[in-house]
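Annotated features, as they stand in TrEMBL:
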{"type": "REPEAT", "residues": "29-62", "note": "repeat 'TPR'"}
{"type": "REPEAT", "residues": "63-96", "note": "repeat 'TPR'"}
{"type": "REPEAT", "residues": "176-209", "note": "repeat 'TPR'"}
{"type": "REPEAT", "residues": "294-327", "note": "repeat 'TPR'"}
{"type": "DOMAIN", "residues": "348-415", "note": "domain 'J'"}
{"type": "COMPBIAS", "residues": "404-413", "note": "compositional bias 'Basic and acidic residues'"}
{"type": "REGION", "residues": "404-432", "note": "region 'Disordered'"}
Amino acid sequence: MGKKLLAAGQLAEALQHYHSAVDGDPNNYLTYFRRATVFLAMGKSKSALPDLTKVIELKPDFTAARIQRANVLLKQGKLDDAEKDFKSVIERGPNDEALSQLNAIAELRRDISEAYMYFEHGQLPTAVDILGRVIEKCPWDPSLHETRAECYIQMGEYYKAISDIRPTTSLRSDNRPAFYKMSDLYYKLGEAEESLIQIRECLKLDPDDKQCQPHYKKVKKLVKQINAAQEAKVNGQYDECLNKAKQFMKTEPNEEFYQLKGQGYLCHCNAKGGHIQEALRICNRLLNKNPENVEALMDRAEAYLASEKWEEAINDFQKALNMEEGNRRAQEGLNKAQKLLKQSQKKDYYKILGVKRTARKKEILKAYRKLAAKWHPDKYDGDDKAKAEKMFIDIAAAKEVLTDPEKRQKFDNGEDPLDPEQQQHGGGGPFWHEGFNPFGGGGFKFKFNFN
């Protein structure tokens, strides 16, 4: 029954069967051997060893059990114990597998000795290469993984170090230092969320661990602040985004990754929040460190748009698009910047009223009233009435566009809502086609309303 379950891959059921069989007949060496086989199939070599030892106690001449135990000991890096078992097998008669493994053990000892020598002398790549060969033969030896991980750490290859540390959490019982080390490495890599996961594993083993507990508090606080900054950014709460970014930069002032991440938020949220000069200053700093930072390029481009530096914006959006072909934000930004450049060579309603692109409706109306009073044809004192008429038309048009949210949005996107050529597909037209005429129906003889 147990054999059938094992052959079918039903390991848990097979194990339960052999547990019952051992309880029913504790002196049957084959039952222990088969249970050990199930344990090994499940990757539980530590549990298999006592069963193999019991088999050898009950039947010392059972060669298969001794070879099996020797192979487990070899994989665990217990070379002396494995060697004894293989020699014991050969003493009972010729055995090719045992002889081959004895030769392998001799070679492993030489390799291990060399690896540690190179490690101690700082020749880390060579040590890593040799340890790789040894670990293939002894994959369950935690000390080998730990040594190679230390090599990787000193080489700055943290992800590879983590890959070596991870198996030691099961190869050593209560391995809190391994969870702490992985958490610390993830933290240095800027993966605070993953760092938090690993440090929680440490605290599951001991909630009061003196190394893990303070690290947990720090990482938890940082993750909360980063998430708050991200949430504010996504929700368009740019002042809140700036505050939260500054908070987590203060929480972790020493790790460059979090400083750069914080600057990324400051670059973006200043640009979106209208703090243009500050955005340009921080975005420039980011791009000086990493010219291929696509997000910073696009954020700086948007700051350039707000500064009416169309060509600079086009340049940044184009660079971003060259680095990430198909980036939707970069493509849309490039299209907008090109439209605005073209528009700037025509009529600019903001310039007509003398207001910034970030001006609010109240500022726009104030500027309109002032200019309308100056250029109203009935009130104009100058000689060039034609100029006054043209200026007044432009001022009225600017007010019409910039106080209408929909028309202003079109204009901000590089489209003139009063240009019949641009509106021919959208059904729009000049403002006087929409029923608005700054001169009414009878020349200039109308009462001007400043409201």
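Every residue, even glycine, has its Cβ placed from backbone N, Cα and C.
Listed by sequence, the residues of this chain that lie at least six past the ends of the repeat 'TPR' (176-209) yet keep a Cβ under 8 A from its Cβ atoms are 149, 153, 158-159, 161-162, 165-166, 168-169, 215-216, 219-220, 222-223, 226, 255, 257-258, 261. Remote same-chain partners of the repeat 'TPR' (29-62), defined as residues 6 or more beyond its termini with a Cβ less than 8 Å from a stretch Cβ, comprise 2-3, 6, 11, 14-15, 18-19, 21-22, 68-69, 72-73, 75-76, 92, 140. Cβ atoms under 8 Å from those of the repeat 'TPR' (63-96) belong to residues 29, 33, 36-37, 40, 45, 48-49, 52-53, 55-56, 102, 104-105, 108-109, 137-141, 143-144 of the same chain, restricted to positions at least 6 beyond its ends.
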